[in-house]
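Annotated features in TrEMBL:
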TRANSMEM  B:12-33  transmembrane segment
TRANSMEM  B:53-75  transmembrane segment
TRANSMEM  B:87-104  transmembrane segment
TRANSMEM  B:110-128  transmembrane segment
TRANSMEM  B:140-160  transmembrane segment
TRANSMEM  B:201-220  transmembrane segment
TRANSMEM  B:248-269  transmembrane segment
TRANSMEM  B:301-322  transmembrane segment
TRANSMEM  B:328-347  transmembrane segment
Amino acid sequence: MSTAPAIELKGISKAFGPVQANKDISIRVMPGTIHGIIGENGAGKSTLMSILYGFYKADSGEIFINGKKTDIPDSQAAINAGIGMVFQHFKLVQNFTVLENVVLGAEDSALLGPSLARARGELKRLAAEYELSVDPDALIDDIGVGMQQRVEILKALYRQADILILDEPTGVLTPAEADHLFRILENLRAEGKTIILITHKLREIIEITDTVSVMRRGEMTATVKTAETSPPELAELMVGRKVLLRVKKTPAQPGEKIVEVRDLNVVDDKGVHRVKGVSFDIRAGEILGIAGVAGNGQSELLEVLGGYEKATGSIRMRGEEIDLTGSRSDGQSRRRRGIAHVPEDRQREGLIMDFHAWENVAFGYHADPAYQSGMFMNNAAIREATAEKMKRFDVRPPDPNLSAKSFSGGNQQKIVLAREIERNPDLLLVGQPTRGVDIGAIEFIHQRIVELRDEGKAILLVSVELDEILGLADRIAVMFDGQIMGERLPGETDEKELGLLMAGITDTEREHSLAEVEAQLAHTSGRAGKEA
Amino acid sequence: MERMPKWADVVLIPLISLLLAAILSALVILAIGESPVEALKLMVSGALGSTYGWGYTLYYATNFIFTGLCVAIAFHARMFNIGGEGQALLGGLGVAIVLLYIPWPHWTIALIAAIVAAGAFGAAWAAIPAYLQAKRGSHIVITTIMFNFIAAALLNWALVGPLKAPGQEPATSSFPEATHLPTLGDVFGVFGIEWSHAAPANVSFFIAILACFALWALIWRTRLGYEIRAFGHSEPAARYAGISPTRIIMIAMLISGALAGCMAINNVQGEAERLVLNAAEGAGFIGIAVALMGRSHPFGVFLAAVLFGFLYQGGAELALWMNIQRELIVVIQALVILFTGALDNMIRMPLEKLFVAAGRQPPAPDRKSTSAEGAQ
């Protein structure tokens, strides 16, 4: 007799207004397997999992857990059915200990003592069984992201989850931590747990899953055995056409020195030292990639260069000093000096979501004489310029009168890129150019950045995606804890070495155990916490 | 894809809100044993049935246009200026000082001087909370409320002290004859149109209309307006674009305060022709409702101000001719504010769903009155 699938979804549909987020989706996941769900942003992955976890109610369709038809009206029902979820953004109480977080919501009685004691024993057992060791008495505030994620997994296991859903779990991890997470998942699978892994990283799917489902525009386009597929095939299934996974580029032809950054230091409002003595040069016609786990000073570095964070040190553009404080240090004066900036968070900074596309195309350049007529703004000229830029950057739909929020992530990013690149800057700052952007648009954006480089511009690329850095950059600097840990050439390094640098370990020749990486990370995260 | 056609946003929603408020008001009137139909008839005839009624309606409306614009421009910079009342009081003080101590040959020059003084005093009163917000992060709602009280106290002091006219009343003496503004009756008389001379509406009404146009152009057509709106929508984005938050907060609040101050040319110079205690009579607060209902758009503010002018004048008639106490009129006005302002989303959300469900495509966005939001 064949066993029943751990999860079976039959004909799940869900619409939000006119948007069909899930269309007649059916999957079967056998117990003791890791099932990947891959798809572009907005493909409906998260909606599907939210239905499974009881956040949304499906318009139609049925859920079977271990062969039994189950109604999941809320997350408590999901937990009772043995489903655990690890969210992309952790749901932990920062000033509680690990133990308190694990017990929270699953206390046995009004008195906490017995629950905590039981949890302590249980954590010890789970730690031994799955390599899930954490210090039960550490405050969440004081432990790194990788550890926090482990706490989330422990929370689910403590609630006796047999089915674990992980939503983009590696987004915040260093490669070493991600490797360890995968080992944990393998251990869990060996113990018969069922795991659903939601990700947009093809490599992870190939590395760890047994089967994979591809979603596109709310539909499940394919479910295949991982062993029988390949990254290009999956990418094609996601996008619906063949895509170039790695941009084609010729070796850089570096010219004159465009920007010279020396001993840059940033101390933020809370007194935390965010950037510590950073120095680098970028020449015309080259891309300097800055790798690092999010929150290690890259954002502040971009903000300083972009003119909206104060710093000490010096920045020279073509040999001329740039003001780092005072009234002549703002976004407008930076733009006049030939620095264009595609910010990391386009929805928060790069665009005004409620403004029309044409208003956004003037954003930051709204003082441009070409956009004025007398005392008024020349809205007609801006609209016209927008229409042209939209055409050249293939923004869809090419309607300048739509508000920014009505475009997809990729098209929003194209609007920002069009605005900044078409200014013909000497230096282009690019932060996370493809975050939340679909694969098809990624290809386009990468090509544009390389084209700009080939026109002889200097480009500073900040990205947490190592693949992106390795694929685009001509030189790679790794930031950790506000410092540049080292510089490497993409042809002479690999993810493993960069991963160690990202964890602050510079003697990359030697073998390092995960414990060392963790100790290093815990050390700095604790320090940052105290400084804050 | 936009969510809802423009016309539904700016016309349909206020109308539904108004209708609900009217129904509820009718029930209240019914409950105290009066006829809602009679009450409505009386309100309409009292406020709109004669040029005398219109004269009062437009007089109130003029006050509300100024205070409504005051709140609206601050909304565009995502600030809640509750201090319109105090700024209007200070505007009155400015008008009184300028008109009492400087001899003006003609009302036109006096009016210009009064506008400058009212604007400057109102702006100055808004400048302090604005500075505290921009530099020290003191919340503008709290500081502007407190400044209302300080303004009232200051006026109190001035009217029993240095500015007090001889006699029992805490008020200034009347402004000189030459500074009196022509009423709408005088103005229309020039063109041979019959209009009541007894009602207080005066040339300030036209200044208010001009202010609407000027503010519309400022918000939607100038670089400053663009920067104010950008800042109002997203402060991080404004910083990224090199728009200084301090500058925008200061400028937006100065304009806001100046507009509230300018109300004084209507109620102080135009109507009372002297400065009395509590001259603003709550118009600063009505301005909040007017700006909310007008979706912070100058033309919306104009329409909402006329509506509230109607409610004020119609309400006064009710109190006069029916067995409905003055307090109940306040209840009816409060219902309108409640539905058009506070409960806006109650109507908006279901309506939005309805439109989305109907799958209707919006018509081409209206280029003149681009999204009049910012009041969320």
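Quick reminder: no glycine exception, Cβ is built from N, Cα and C everywhere.
Between the transmembrane segment (B:328-347) and the listed ranges B:12-33, B:140-160, B:201-220, B:301-322, the one holding the most Cβ pairs under 8 Å is B:12-33.
Beyond the transmembrane segment (B:248-269), the same-chain residues lying 6 or more positions past its ends with a Cβ under 8 Å from any Cβ of the stretch are 59, 62-63, 66-67, 69-71, 73-74, 76-77, 79, 81, 83-85, 87-88, 90-92, 94-96, 99, 110-111, 114-115, 118-127, 129-131, 133-134, 140, 175, 179-181, 202, 204-205, 207-208, 211, 215, 218, 224, 227-228, 231, 238, 275, 279-281, 283-284, 287. Here the transmembrane segment (B:140-160) has Cβ contacts under 8 Å with residues 74, 79-83, 85-87, 89-90, 92-93, 125-126, 128-130, 132-133, 170-172, 253, 275-279, 284 of the same chain, all six or more residues outside its ends.
Listed as Cβ neighbours of the transmembrane segment (B:110-128) (distance under 8 Å, sequence separation of 6 or more from its ends, same chain) are residues 70, 81, 83, 86-88, 90-95, 97-99, 102, 104, 143-144, 147, 151, 178-179, 181, 203, 207, 250, 253-265, 268-269.
Long-range contacts of the transmembrane segment (B:12-33) within its own chain (CB-CB distance under 8 A, at least 6 residues past either end) are made by residues 39-40, 293, 300, 304, 307, 323-324, 328, 331-332, 335-336, 338-340, 343-344, 347-348, 351.
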